[in-house]
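First the structure, in the form of structure tokens, and then the observations on it.
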Amino acid sequence: MAASAGAGAVIAAPDSRRWLWSVLAAALGLLTAGVSALEVYTPKEIFVANGTQGKLTCKFKSTSTTGGLTSVSWSFQPEGADTTVSFFHYSQGQVYLGNYPPFKDRISWAGDLDKKDASINIENMQFIHNGTYICDVKNPPDIVVQPGHIRLYVVEKENLPVFPVWVVVGIVTAVVLGLTLLISMILAVLYRRKNSKRDYTGCSTSESLSPVKQAPRKSPSDTEGLVKSLPSGSHQGPVIYAQLDHSGGHHSDKINKSESVVYADIRKN
């Protein structure tokens, strides 16, 4: 009986260990499912004309559906300051404004949580509104979030950029990429030309510049003249004439020279 009980204990140990691992895995799954990331998108910087309305755009992305627990908070860090001030909060369709004097009676809600939009408007912006604006969104269970930061500049109307900042950034990026591509293509062409010159094994410079003399071509009449005229004082061996007669007549020992016959001059030195 003792032996059987001991065997039962040995068999039960792996079962209990497997059960413990299952519980830990389930708990870890609940923790990771309960807290997920939420992404916030804002422009890096915007320019607003003095005395006009400025819109602070804030979009967010969440895997969870927005509802009564979704909230939006805006805070402000004045230019040159190290601390931030919360001046706006939105939750369950209600707007809660802070007591910060520079924003009194200037803030209005311009977003739509169903469209993942948490933007606000600021009326009659002044130079005191220069600084950094922070957009923070909570949408449980998506609560782990990196807030969006906007650097806002209030300037005179004549100092407003001709193009929006994002357009300027896009143009500069396109120009840099284009120049990089052009330089890469030029370097590739130069590299290929260099390799082609290195692999070429043709004639040398002196050989390529040496003129090539070709012997003049002789016509049948020139051959006949060569037979008639021989250099004076030179030793001449026997000359043999060969005549090809295509007329079909009888053979003759007499050589009749004509324009249609080619004569061969064979000399023996």
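In case you wondered, yes, glycine gets a Cβ from its N, Cα and C as well.
Note that this is a predicted model, so its numbers are computed, not measured.
Swiss-Prot lists 1-35 with the feature signal peptide, giving sequence analysis as the kind of evidence. Under the heading topological domain 'Extracellular', Swiss-Prot lists 36-162, citing sequence analysis as support. Taken from Swiss-Prot, the feature N-linked glycosylation site covers Asn50, Asn130, and the record attributes it to experimental evidence. For 184-269, the entry in Swiss-Prot reads topological domain 'Cytoplasmic'. Per Swiss-Prot, the feature compositional bias 'Polar residues' maps to 202-211. Annotation comment: Swiss-Prot describes Ser204, Ser206, Ser208, Ser210, Ser219, Ser221, Ser260 as phosphoserine, evidence class a large-scale study or a structure entry. Taken from Swiss-Prot, the feature phosphotyrosine covers Tyr241, Tyr263. The feature motif 'ITIM motif 2' is assigned by Swiss-Prot to 261-266.
Taking the Cβ of Asn50 (N-linked glycosylation site) as reference, residues of its chain lying under 8 Å away and at least six apart in sequence are, in sequence order, Met125, Gln126, Phe127, Val154, Val155, Glu156, Lys157. The DSSP secondary structure for Asn50 (N-linked glycosylation site) is coil.
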